[in-house]
């Protein structure tokens, strides 16, 4: 199969974890409650609250036109942060591979943070005359995005680069929308009912991806192919519902940390996207699990000791791929047990070891297996987790689509940038308890 996703949850069950596990009867008892939750979600969808599902029916022709236009460029520069970056990056690296392992054109660069050294390094290594710039911010006022874009825009103007032909704006308001209209950039809107962390399959992700070799129709088709099962009222046929319920039950039992651990580097960025989705959607009113991103087998040599012998406050999710795009055989002329095996066998055996040692230590874990990593399976994975998060919001009784707690920090940052430097330092920066080494 080229597009299969399976969800295994044996290692959260009572028969494997004893009293720390979940009984089948407990899951069956959730069927009545889950049917009510699915009905609520369907009603919200009808009311236009689930834009992340609506975008699956968008006409893709505008993106195919952009694909043709993008062939005039050698580089793609993505300026965006948070939901305007993480999902897109997860899709691109998940499907195509990491930048260092690809040499196809266009080359893709991500400018997210307002770190001056990172921005400088990118601009020192990219030819802006051969670059199509995507600037992405739903609000149009994201500080980090505007700051980086203003710097890039100024450099392009100094080089007499036609901004109208080199800039693609993806926004629905604010300063970015103003300058988009004033300078006539190529423009895509972000639907009002699609939040940043749920926007990977909207224009935020699909427009830039259309300029690469990603088959955007297959990506959307992958999401559509799992949509029906993720709306099923039967918990035993719905992977999103089952995983949401499992995580909520484990949260009730003190599992306040959610470890996402793919055993393939190409899904490292998916883990980062999950980190935002899970934390920002559910971390409210004193609730929420802290997402921790690990990568097998690397993190076995850094974090696993804590998982096995530290506080038993974690539930782990393993991501496995059955068929790697490339594999290498280990050849060694001396007697050694590794000789003759493929690297895929090594990393798979390490996953088996970690999965079963966690079970042995009564640490709950689930596993998602993809037949291979491509547009279809990435589409399935994205939509499953978006639905799982929406369902979890209902289980916790919270709004999974806002993020009120981050606004205060933005307000202070704005005050620091617009007010007196001395006043800002005295009010927010200078401390009383400081240890300094000179």
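Cβ from N, Cα, C; glycine included.
Computed from a predicted structure; not experimentally measured.
The active site, proton donor annotation in Swiss-Prot covers 280 and rests on sequence analysis. Taking a C-beta cut-off of under 8 Å and a sequence gap of six or more, residue 280 (active site, proton donor) has these contacts in its own chain: 197, 403, 406.
Annotated active site per Swiss-Prot: 301 (among others), in sequence order. Of all the Cβ atoms in the protein chains shown, 8 others lie within 10 Å of the Cβ of residue 301 (active site).
Per Swiss-Prot, the feature active site maps to 410 (among others). Within 10 Å of the C-beta of residue 410 (active site) we count 12 further C-beta atoms, all protein chains included.
When the Cα atoms are compared, residue 410 (active site) and residue 301 (active site) turn out to be 37 Å apart.
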